[in-house]
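Chemist: Pasting in a structure now, in structure tokens, and then I'll have a few things to ask.
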Amino acid sequence: MLCLCLYVPVHISERTEFEYFESESLPVQLKSLFKLSLFLPSQEFDSYRKWRKKVVKAGDKDLDGQLDFEEFVHYLRDHEKKLRLVFKSLDKKNDGHIDSQEIMQSLRDLGVHISEEQAEKILKSMDKNGTMTIDWNEWRDYHLLHPAENIPEIILYWKHSTIFDVGESMLVPDEFTAEEKNTGMWWRHLVAGGGAGAVSRTCTAPLDRLKVLMQVHATRSNSMGIAGGFTQMIREGGLRSLWRGNGINVLKIAPESAIKFMAYEQIKRLIGSNQETLGILERLVSGSLAGAIAQSSIYPMEVLKTRLALGRTGQYSGIADCAKHIFKKEGMTAFYKGYIPNMLGIIPYAGIDLAVYETLKNSWLQRFATDSADPGVFVLLACGTMSSTCGQLASYPLALVRTRMQAQASQEGSPQMTMSGLFRHIVRTEGAIGLYRGLAPNFMKVIPAVSISYVVYENLKITLGVQSR
């Protein structure tokens, strides 16, 4: 019969001591754990408390807020199985040992780049016999009761496109761990992200409509400022007009997210990657192709959004009426005006956003990720805001040309220009600055959009039963 395992915390000024008492009938593979006397410096006590909270949450089967001996043993066995899977994924040579090169390669596959010196430092923290390699026993003994996070949890903490919605649809999809896919948590993340996007876009819709108006109507001779633009919209259609075109902008979130995710997973299989996570280049290629497929599928909704945003009060009775007017007057091809610059804008936006975000993520992980891969709210928001801003800045001229091409037929007397012709016309008549009309309201909405989508996403995760970070 198994007796109860006790640990007694003793607070001392310089260290905190934990005594583990061994049970005679404890399973062999767990005995060594209870022969330990751990001496933790006082500054590491917070790490211990975080680890204890995490263990109780993972192993508490009867949900009584406590971990009895049977639950603790079950947790250790289950955790050891997970550690075995992670060890095998790191052991690229299948020789039963992990060296510094394998650690560097595994993190590189995830998008985390470290030097050989840093990899050796990681090895030394686990290497007991000085061989500069880690076998299974060393790996298990170090991680079984250690508060550090494993590699898949970096994916969990650093989700990007799922969490942040700034109104653009060109981000590379997030990676999901095998556990998230097997348990069905992936679709809950997508639903939470979609709901967050709907709230975020609705809250920032006035700025988005102002951006469209400035992209199409603002010129060197017809300057339109932010205050003037808002005044003009309210005078023409009242406060309600500030949200004109927002309905279709929200409706397109669900089909676009679903198509992009399914396409991304299929493209990953087609390029022959069996890894749980892709490298940066593979992610960019797969994500850009998935984005192109999703955008092609819902592009008519993009045209409708632009036309509704530019429409006068009473011009259209709704989305269906707008679509009917466009089809009757201009034909089916009108629903794909501006398609080429839209597709061309995916690569610079997605590429720069991903590169900046991964660079910031790697920098934080290398400098500050000592006990946890969790960056906290402020770091996540800062990284998401900076990467989205850089991506938008790079692709903005293409976005402006796309919007003007979508709007051409709705402007009486406006010549129907090609993409290259419109570029030349803007530069000749307005200068290079003309390619950045509407940039100010576009940037103004980034911080509130990122903040709102994050808060709503976290709350929807709780509602949907997604494991909290």
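Any Cβ shown, glycine's included, is placed from N, Cα and C.
Values in this document were obtained by computation on a predicted structure and should not be read as measured data.
Pulled the feature table from Swiss-Prot, pasting it below:
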BINDING   Asp60, Asp62, Asp64, Gln66, Glu71  Ca(2+) binding site
REPEAT    184-270  repeat 'Solcar 1'
TOPO_DOM  1-189  topological domain 'Mitochondrial intermembrane'
TOPO_DOM  208-244  topological domain 'Mitochondrial matrix'
TOPO_DOM  265-287  topological domain 'Mitochondrial intermembrane'
TOPO_DOM  302-337  topological domain 'Mitochondrial matrix'
TOPO_DOM  358-380  topological domain 'Mitochondrial intermembrane'
TOPO_DOM  399-437  topological domain 'Mitochondrial matrix'
TOPO_DOM  458-469  topological domain 'Mitochondrial intermembrane'
TRANSMEM  190-207  transmembrane segment
TRANSMEM  245-264  transmembrane segment
TRANSMEM  288-301  transmembrane segment
TRANSMEM  338-357  transmembrane segment
TRANSMEM  381-398  transmembrane segment
TRANSMEM  438-457  transmembrane segment
Chemist: Look over the recorded stretches 245-264, 338-357, 438-457 and say which has the most C-beta pairs under 8 A to the transmembrane segment (190-207).
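Modeler: Looking at each of 245-264, 338-357, 438-457 in turn, the most contacts to the transmembrane segment (190-207) are made by 438-457.
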Chemist: Apart from its near flanks, which chain residues at least 6 from the ends of the transmembrane segment (438-457) lie with a Cβ under 8 angstroms of it?
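Modeler: Apart from its flanks, the transmembrane segment (438-457) reaches 162-167, 192-193, 195-197, 199-201, 203-204, 207-208, 210-215, 218, 226, 229, 377, 380-381, 384-385, 388-389, 392-393, 396, 400.
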Chemist: Any residues 6+ beyond the ends of the transmembrane segment (245-264) with a Cβ under 8 Å from its own?
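Modeler: Residues 165, 167, 169, 173, 186, 190, 193-194, 197-198, 201-202, 205, 208-209, 212, 286-287, 289-291, 293-295, 297-298, 301-302, 304-306, 308-309, 311, 319 contact the transmembrane segment (245-264) from elsewhere in the chain.
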Chemist: How many of the residues that make up the topological domain 'Mitochondrial matrix' (302-337) does DSSP mark as helix, as strand and as coil?
Modeler: 26 helix, 0 strand, 10 coil
Chemist: For the topological domain 'Mitochondrial matrix' (208-244), give the DSSP counts of helix residues, strand residues and coil residues.
Modeler: 27 helix, 0 strand, 10 coil
Chemist: Please average pLDDT over the topological domain 'Mitochondrial matrix' (399-437) for the predicted structure.
Modeler: 87
Chemist: What are the helix, strand and coil residue counts for the topological domain 'Mitochondrial matrix' (399-437) according to DSSP?
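Modeler: Grouping H, G, I as helix and E, B as strand yields 29 helix, 0 strand, 10 coil.
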